[in-house]
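Taken from Swiss-Prot, the feature region 'Disordered' applies to 180-201. The domain 'CoA carboxyltransferase N-terminal' annotation in Swiss-Prot covers 218-487 and rests on sequence analysis. Swiss-Prot lists 222-244 with the feature zinc finger, giving sequence analysis as the kind of evidence. Taken from Swiss-Prot, the feature Zn(2+) binding site applies to 222, 225, 241, 244.
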């Protein structure tokens with residue numbers, strides 16, 4: 001049996017006539033005739049393979065809230081199961097052998113070493129994939145519900161036991177699992193399950209919110225695979241996800257540390273700060289107050305850092321935009337700092353690097369922010385055409401708006417990071433303006449590279465060496481090599 005056959009064993013009651021149980025495989029599939037008698041037993045419904053299921057075991061927590069589910073075994077016997085998470089109720093509609101098996105599984109679960117010693121096996125969300133055809137469907141549905149109940153119980157002991165699989169850890173579920181349960185008792189809370197004639201109560205070991213807040217700062221969640229990356233190690237891995245290799249956002253300081261040799265960074269224009277040229281006041285927060293809050297949050301004065309440094313011994317002028325500061329938006333100060341950097345590089349005959357990460361022009365400064373596009377482009381014209389110097393533009397995710405329309409696309413060499421989101425107008429803006437759906441991936445670096453918009457897509461771990469080779473190719477050499485050549 002293929003593993004995905006057991007990807008889903010539960011389905012909502014309103015889908016009862018649309019989905020059935022494969023008689024030979026014990027699997028769910030859509031029925032071919034949707035007009036048949038709704039009273040017909042599920043065991044007579046014909047099913048087919050290669051289908052997309054409603055949801056799998058790992059998705060149960062997202063679907064079960066206050067709903068009735070219809071489950072059935074391969075004999076066609078149906079059972080209505082009711083879950084009410086808010087009131088912590090679990091009910092089955094009739095007293096059958098299935099009920100007794102399920103009830104026994106609850107008791108065995110409650111008395112198991114799981115609550116006392118912590119979970120030491122594989123991830124329960126993926127145990128269903130290891131089932132084979134010899135397992136009965138009843139056992140599987142028991143396991144599905146059992147796994148779901150396990151996922152709802154605070155598992156502090158899994159932290160202590162040092163589980164290596166993030167999927168079975170309570171930290172993972174509290175950070176990635178979405179909505180947290182409302183619980184005001186610090187000393188713990190209880191979960192009650194009710195069947196006909198019996199009540200089961202399982203104690204939770206601690207308050208979920210407390211644990212969530214306690215460990216949230218230790219982890220960074222991947223935007224692509226939603227896996228957790230230990231923040232302490234993420235910087236040494238260049239903010240690349242350990243699970244899927246996705247390039248996460250980096251601060252400007254981290255990028256400078258990545259590209260510039262240690263001890264060679266000399267920042268420029270650090271004391272330049274934004275004012276409020278058009279006295280922009282929003283209902284939520286005045287512009288100047290917003291600037292102050294971002295300065296405190298990021299430790300930066302503006303959305304770009306500029307300066308001089310050495311890249312593998314080669315002197316370079318570099319500007320690095322920071323998306324954490326008001327989305328990397330380009331205001332008058334950002335434009336002025338980049339313009340001064342370009343002019344300084346032209347006077348000192350230095351190669352130029354600008355790392356772009358921006359949402360575009362800053363609306364709080366009106367047309368002044370738009371004029372920065374023309375000012376920077378004019379400075380680049382003199383730098384590239386009159387001074388005949390070398391400019392490398394590095395596009396990271398996201399690069400949009402006025403930055404894309406100006407200096408982002410003016411590089412002699414344009415480099416993009418893998419999976420970077422690069423566009424002029426964002427997907428949402430296009431769809432709302434034109435009432436047309438933007439194809440998925442049409443604004444990703446890989447797709448745009450095929451259309452000729454970039455020269456290279458370079459991963460972070462290779463970026464510094466690639467830049468070094470490019471500079472040497474354009475006759476910019478390390479300082480020690482320059483002095484030896486002069487001699």
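Every residue, even glycine, has its Cβ placed from backbone N, Cα and C.
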Cβ-centroid neighbours of Zn(2+) site 222, 225, 241, 244, 8 Å, sequence order: 223, 224, 226, 227, 229, 242, 243, 245, 246
Three-class DSSP secondary structure - residue 225 (Zn(2+) binding site): coil
Neighbourhood of residue 225 (Zn(2+) binding site), C-beta criterion under 8 angstroms, separation at least six: 241, 243, 244, 246
Most crowded position, judged by CB atoms within 10 A, among 222, 244 as binding-site residues: 222
Cβ packing number for residue 241 (Zn(2+) binding site), 10 Å threshold: 21
